[in-house]
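Student: Got these off TrEMBL a minute ago, pasting:
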- His113: active site, proton acceptor (ACT_SITE)
- Glu54: Ca(2+) 2 binding site (BINDING)
- Asp55, Ile115, Asn167, Asp168, Asn224, Asp269, Asn270: Ca(2+) 1 binding site (BINDING)
- Cys43-Cys353: disulfide bond (DISULFID)
Amino acid sequence: MGKLGFISIVIAALALVLGQRILNLRTRAFASRELAQKHLPNCVLLKNIYHGSEDITITGDGLAFISSGLKYPGLPSTDVTGKIFFLDMTNHRMKPVELRMPRNFDLESFNPHGISLYTDPSDDAIYLFVVNHPEHNSQVEIFHFVRDDHSLVHLKTIQHELLHSVNDIVALGVESFYATNDHYFTNELLKTLVEILLLQPWTNVVYYSPEEVKVVSEGYYFANGVNISPDKRHVYVVDLLDHNVHVLERKEDNALVQVKAVAVGSLCDNVEVDAVTGDLWLGCHPNAMKVLRFDPTDPPGSEVIQIKNIHSDQPVVTQVYEDDGNVIMGSSVAATYGKKLLIGTVFHKTLCCDLE
């Protein structure tokens, strides 16, 4: 065989492998899925939020915190700086207000992603944990929420080599948390091209405290949302590209042990937990390929999935809401308070609906 023939065979083999990887990616992204309409009553778009509401978390007394303005590689974004909004769910006006940020904080590079709340039982102080990507790096900001004037006081920035590609976070104490890394590599080209095409279960969950930092769970294709059960005994991790929610048992040393995985049939993003019922609520991407190749004339849709009785032998997985993108694009989170449902998005608006 001549040199030219050998090169031709190598090129053909590489093309075949690449074609298979692209086909695999399209399959996992549900690229051929046609979106339907399954709406809820009395849905209204909230005012003031026009550049995403990637994550939403709500206190037990109805105070919602919303991260906005995320700039994430490969996804639509604007030059608007990141913001944190506050919404009192008990107020019938349902109007979000932008929280005042501290002067000693770099607002120009603020790029908020996942968020979590911790309420100190000793004094009811509320701490807001925010995943921040200044210049596309990863770090965690800890703020104290001042209710009287709707402001945040910056307490600490946390950086660590194990927190290299943080997506979401769940607070455990005033300085401790679990966090998901959604990529294995740190290089942008390797993250956004090579890693996605290879599609290997390389991502993980990290435990952080001032005393100890360690990987506590791994083997995810794209570790995304993370949250904790009301009794703090179990942690839920969403694997976006494997279409599963993993149930993990929390040990005394904060290690996590796999219990089971529940299939959701969609590319789910963040997960919120109802503090009363323990139900899981997920904002999902029913056709993720439409998000990646964003076309306003063929917009990405939105989907909300609820999981009841997740610890039972037969969890109940229900599609609560679906839209083809004409109302709301790219849903990333769903959070409830009472009979209200908030649906947040990566780069679009925020929808509030009544639950039937």
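In case you wondered, yes, glycine gets a Cβ from its N, Cα and C as well.
A TrEMBL annotation is a machine prediction, not a hand-curated record.
A quick note: this is a predicted structure, and the numbers were derived from the prediction, not measured.
Help me picture these features in the structure, burial and contacts included.
Tutor: In the structure as shown, the Cβ atom of His113 (active site, proton acceptor) sits within 10 Å of 25 other Cβ atoms.
Counting only same-chain residues six or more apart in sequence, the Cβ atoms lying under 8 angstroms from the Cβ of Glu54 (Ca(2+) 2 binding site) belong to Ser67, Ser68, Leu70, Pro112, His113, Gly114, Asn270, Ser332, Val333, Gly344, Thr345, Val346.
Its own atom aside, the Cβ of Asn270 (Ca(2+) 1 binding site) has 29 Cβ atoms within 10 angstroms in the protein chains shown.
With a 10 A radius on its CB, Cys43 (disulfide bond) counts 16 other CB atoms from all the protein chains.
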Student: Which of the binding-site residues Asp55, Ile115, Asn167, Asn224, Asp269 has its Cα closest in space to the Cα of Cys353 (disulfide bond)?
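Tutor: Answer for the nearest of the binding-site residues: Asp55.
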Student: Select one residue from Ile115, Cys353: among these recorded positions, choose the one with the most other Cβ atoms within 10 Å of its Cβ.
Tutor: Ile115
Student: Count the Cβ atoms, other than its own, that fall within 10 Å of the Cβ of Asn224 (Ca(2+) 1 binding site), considering every protein chain shown.
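Tutor: Asn224 (Ca(2+) 1 binding site): 25 neighbouring Cβ atoms within 10 Å.
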